[in-house]
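Below you'll find the structure, written out as structure tokens, and then a few comments.
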Amino acid sequence: MECHNQQSSQPPTTKTCPGETNCYKKQWSDHRGTIIERGCGCPSVKKGVKINCCTTDRCNN
């Protein structure tokens with residue numbers, strides 16, 4: 001699996017994730033504005049955090 005791993009609006013970068021079957025994109029807001037985090041897997045998130053998990057290479061941009 002290959003997933004994007006750049007933060008928020010940074011230029012796209014990817015990471016190879018051996019053994020993973022998901023990529024994720026988490027989104028939340030704080031005093032800095034909207035924060036976006038991308039990576040491998042499908043982590044559980046706390047209330048107020050939106051997450052989108054997907055199962056194809058580079059699907060989480």
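Our numbering is plain: 1 for the first residue shown, then up by one each step along the chain.
Note: Cβ is positioned from N, Cα and C throughout, glycine not excepted.
Values in this document were obtained by computation on a predicted structure and should not be read as measured data.
Taken verbatim from Swiss-Prot:
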| type | residues | note |
| --- | --- | --- |
| COMPBIAS | 1-16 | compositional bias 'Polar residues' |
| DISULFID | Cys3-Cys23 | disulfide bond |
| DISULFID | Cys17-Cys40 | disulfide bond |
| DISULFID | Cys42-Cys53 | disulfide bond |
| DISULFID | Cys54-Cys59 | disulfide bond |
| REGION | 1-20 | region 'Disordered' |
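Feature map: Swiss-Prot annotations on the structure.
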residue: Cys3; record: disulfide bond; DSSP class: strand
residue: Cys17; record: disulfide bond; DSSP class: coil
residue: Cys23; record: disulfide bond; DSSP class: strand
residue: Cys40; record: disulfide bond; DSSP class: strand
residue: Cys53; record: disulfide bond; DSSP class: strand
residue: Cys59; record: disulfide bond; DSSP class: coil
Whole-number Å distance separating the Cα atoms of Cys59 (disulfide bond) and Cys23 (disulfide bond) is 7
Of the disulfide-bonded residues listed (Cys3, Cys17), the greatest number of other CB atoms within 10 A surrounds the CB of Cys3
Of the disulfide-bonded residues listed (Cys40, Cys53, Cys54), the greatest number of other CB atoms within 10 A surrounds the CB of Cys40
The rounded CA-CA distance in Å from Cys40 (disulfide bond) to Cys3 (disulfide bond) is 6
Quick note, Cys42 (disulfide bond): same-chain residues at least 6 apart with CB under 8 Å of its CB -> Asn22, Tyr24, Ile51, Cys53
Cys17 (disulfide bond) sits from Cys3 (disulfide bond) (Cα to Cα, rounded, in Å) at a distance of 7
Expressed in Å to no decimal places, the gap between the Cα atoms of Cys23 (disulfide bond) and Cys54 (disulfide bond) is 5
Cβ neighbour count within 10 Å, max among the disulfide-bonded residues Cys23, Cys59, goes to Cys23
